[in-house]
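Swiss-Prot annotations:
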type: BINDING; residues: 27, 29, 95, 98; note: Zn(2+) 1 binding site
type: BINDING; residues: 48, 50, 53; note: Zn(2+) 2 binding site
type: DOMAIN; residues: 20-167; note: domain 'CENP-V/GFA'
């Protein structure tokens with residue numbers, strides 16, 4: 001039996017073009033869809049097992065990446081957007097009608113990822129954005145209802161797809177967080 005991760009990777013991870021210049025994210029509404037413009041390619045694209053990220057029906061993981069916040073512009077029907085949870089670190093701006101998360105923004109200027117917005121590359125009208133590179137917060141899928149006995153098969157499938165599974169972020173991103181924290185502590189001393 002094949003373990004389903006996410007429709008964007010279940011048939012294999014499709015590599016990006018290497019020259020993706022950006023595009024338009026579109027929500028799932030047929031009438032007046034929300035459209036968000038993204039300049040440039042995505043970074044740190046990954047499968048995410050956390051329970052906060054939006055994912056399509058039937059997906060075990062979301063697929064999420066980051067872009068500089070200055071590269072994100074609401075193009076159409078922004079009146080349909082609302083923040084899902086105002087108390088969350090990542091302010092997820094979702095369509096009120098279909099529920100699709102269009103972008104997530106960190107407003108806390110001291111957060112290591114401040115200045116980066118989180119997006120779901122599968123929502124691009126255009127193809128060619130950078131491919132998912134790893135899987136983060138893998139154990140968290142248990143919180144969304146996955147039986148713990150399925151975890152070895154899920155981790156094996158992620159590895160088969162070339163998405164190294166982590167129960168936090170990738171080592172490079174964890175290093176970036178630790179570096180940011182260390183710098184802030186040096187300033188405080």
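Using N, Cα and C of the backbone, Cβ positions are placed for all residues, glycine too.
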(request) Quick one: pull the CA-CA distance for residue 53 (Zn(2+) 2 binding site) versus residue 95 (Zn(2+) 1 binding site), whole Å only. (result) 14
(request) Around the recorded Zn(2+) 1 site, report the further residues of that chain (criterion: Cβ within 8 Å of the mean position of the Cβ atoms of 27, 29, 95, 98; site residues excluded), sequence-ordered. (result) 28, 33, 34, 80, 97, 99, 100
(request) Fill in the CA-CA distance, residue 50 (Zn(2+) 2 binding site) to residue 95 (Zn(2+) 1 binding site), as an integer in Å. (result) 20
(request) Express the distance between the Cα positions of residue 48 (Zn(2+) 2 binding site) and residue 95 (Zn(2+) 1 binding site) as a whole number of Å. (result) 20
(request) Go ahead and report the DSSP secondary structure tallies for the domain 'CENP-V/GFA' (20-167): helix first, then strand, then coil. (result) 29 helix, 53 strand, 66 coil
(message) I want to check the contact list for residue 27 (Zn(2+) 1 binding site): same chain, sequence separation of six or more, C-beta distance under 8 angstroms. What comes out?
(response) 33, 34, 35, 80, 95, 97, 98, 100, 102, 123
(message) List the residues in the vicinity of the Zn(2+) 2 site, defined as same-chain residues other than 48, 50, 53 with C-beta within 8 angstroms of the site's C-beta centre.
(response) 49, 51, 52, 55, 61, 62, 64, 136, 137, 140
(message) Can you tell me how many other Cβ atoms are located within 10 Å of the Cβ belonging to residue 48 (Zn(2+) 2 binding site)?
(response) 26
(request) Can you tell which of 95, 98 has the least company, meaning the fewest other C-beta atoms within 10 angstroms of its C-beta, among these binding-site residues? (result) 98
